[in-house]
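**Student:** Found this in Swiss-Prot, in case it helps:
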type: COMPBIAS; residues: 1-12; note: compositional bias 'Polar residues'
type: REGION; residues: 1-56; note: region 'Disordered'
type: MOD_RES; residues: S6; note: phosphoserine
type: MOD_RES; residues: S9; note: phosphoserine
type: COMPBIAS; residues: 23-40; note: compositional bias 'Polar residues'
type: COMPBIAS; residues: 41-55; note: compositional bias 'Low complexity'
type: MOD_RES; residues: S58; note: phosphoserine
type: DOMAIN; residues: 68-139; note: domain 'GRAM'
type: DOMAIN; residues: 205-580; note: domain 'Myotubularin phosphatase'
type: ACT_SITE; residues: C417; note: active site, phosphocysteine intermediate
type: COILED; residues: 593-627; note: coiled coil
type: REGION; residues: 615-643; note: region 'Disordered'
type: COMPBIAS; residues: 620-631; note: compositional bias 'Low complexity'
type: COMPBIAS; residues: 632-643; note: compositional bias 'Polar residues'
Amino acid sequence: MEKSSSCESLGSQPAAARPPSVDSLSSASTSHSENSVHTKSASVVSSDSISTSADNFSPDLRVLRESNKLAEMEEPPLLPGENIKDMAKDVTYICPFTGAVRGTLTVTNYRLYFKSMERDPPFVLDASLGVINRVEKIGGASSRGENSYGLETVCKDIRNLRFAHKPEGRTRRSIFENLMKYAFPVSNNLPLFAFEYKEVFPENGWKLYDPLLEYRRQGIPNESWRITKINERYELCDTYPALLVVPANIPDEELKRVASFRSRGRIPVLSWIHPESQATITRCSQPMVGVSGKRSKEDEKYLQAIMDSNAQSHKIFIFDARPSVNAVANKAKGGGYESEDAYQNAELVFLDIHNIHVMRESLRKLKEIVYPNIEETHWLSNLESTHWLEHIKLILAGALRIADKVESGKTSVVVHCSDGWDRTAQLTSLAMLMLDGYYRTIRGFEVLVEKEWLSFGHRFQLRVGHGDKNHADADRSPVFLQFIDCVWQMTRQFPTAFEFNEYFLITILDHLYSCLFGTFLCNSEQQRGKENLPKRTVSLWSYINSQLEDFTNPLYGSYSNHVLYPVASMRHLELWVGYYIRWNPRMKPQEPIHNRYKELLAKRAELQKKVEELQREISNRSTSSSERASSPAQCVTPVQTVV
């Protein structure tokens, strides 16, 4: 039975209007910190909390006094809409890297915040509640031994956070209840924090992606492809966007018959078209052939129309993301794959990418070997046993084959898995990233995510489990994480081809879980419209695009006309240490590498400027010398001798 994909409870309580802040977001200052990448809060405390009795002090002294007070505060800096729900003093954080540290634990409606003044600078741990997967009680009231009674939070970003409470203090129960309430608001009929957060940014990220503009950039509509509004009310397919691009010679009535033959009504629609050859990438779900091998004349005609729209080739490739054995097994459920007998001039290729359950188990194994400790002696064999990089390789290799067929083969391709919202999104978006330099810019990548993932119905709510306490839900899977990992692998192989840096990718992943922004909420465009997310929440792109300098790759050089062919072999892939092992202070560099790049480039620019100044000075001196040499006072008149 299909699980309900509704997200109506995500914002069950309308957010009250709050005074907008024009300050940008900022991270809490930390040194010995396992701080996740949070947005920034320029206002650390409200103005009411600062005494004004000494206003006669000089401004410098007042600032110094107030900054000292802020350093001593144990409460977290609060975002607009954020408020404290519980606080427990004398709690011990069992840090797996630096040992136990005692401090104050605070729960707000957005974050879990721990601060210890025992160290200099203060130790700060700051995690959004959205990243929490489950909360467990450790020990009972009669537990003996130091730090044997407390709570453990298991997080979606690889971490486990363990806190010890004193049994006599009775703070554990209160903290546990508030964590269960505010970390899982959907399970408690409460709104996600994104509906409470009201920060104002210079740019509205919800307006970043306009499908008409994006299709126009690709040259659509044209004589072979048209934009249809048949799905304007999401009646053809409730998981597809309102606007679809389909073959120009296929009328809307036939689209309905094609939809009845495709799983969930997800017909083949255009994702990308080559600007020269007109070869296309179209995406869809599996055909409903079943064990009896049913056929659909309308579906066969439709794929023929896709092939005919490309005059460069008289063949079409169908890339099925699944292993062939899985595709065959789907026939028993009414699904299946295209028969080459039924679809003339079509070649079917299976890409052997495993399903969401295999990927979830692979990530679980990866977490076991990277957090908290790494076993050096068996590191390579342990990593191999997770099969994580093997899955990354298969996804990249599949996207590479698609891109190569379109670019080198000038052949149109159709891509699908079972339902067309997981592996299909990985493959189409990665292939488009290889083919189109626009998507390798910051804004272009944001458009790519909006288009191929959000508008085409990747089930973010189900795959991530926003605000849902059911951590064992079989629908959870790291599909989008794998896509971002593949992008990172490409940036390693082509360090100057992407406008964005590693921090950009990590920030996207952190806010995939945080529930601070509305971008990744719900499962479809239709659901986001019903929830009115553009009006009730802030877009992640609003935040990112307000401080582009933080996310820009200083080595970027525009390669807009270049097609990237990454090497998809195990020898060229590596574990993304900057993400999966970033919490281990022994494994991360002293400073982010992109900051060092910026410093070196700034130094180079400074030296280039000096060279230019010296060249101008030399040129000026040379000109001055020439002028003096040719002046009348210095001129010697040649003597002509008459013979």
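Cβ coordinates come from backbone N, Cα and C, glycine included.
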**Student:** What number of additional C-beta atoms lies within 10 angstroms of the C-beta atom of the residue listed as 'active site, phosphocysteine intermediate'?
**Tutor:** 28
**Student:** Is the coiled coil (593-627) packed against any residues at least 6 beyond its ends, judged by a Cβ distance under 8 Å, and which are they?
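**Tutor:** For the coiled coil (593-627), the nonlocal Cβ contacts are 501-503, 553-555.
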**Student:** For the domain 'GRAM' (68-139), give the DSSP counts of helix residues, strand residues and coil residues.
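**Tutor:** Once the DSSP states are binned, the domain 'GRAM' (68-139) shows 8 helix, 41 strand, 23 coil.
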**Student:** Could you tell me which three-state DSSP class the residue listed as 'active site, phosphocysteine intermediate' falls into?
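**Tutor:** Once the DSSP labels are grouped into three classes, the residue listed as 'active site, phosphocysteine intermediate' ends up as coil.
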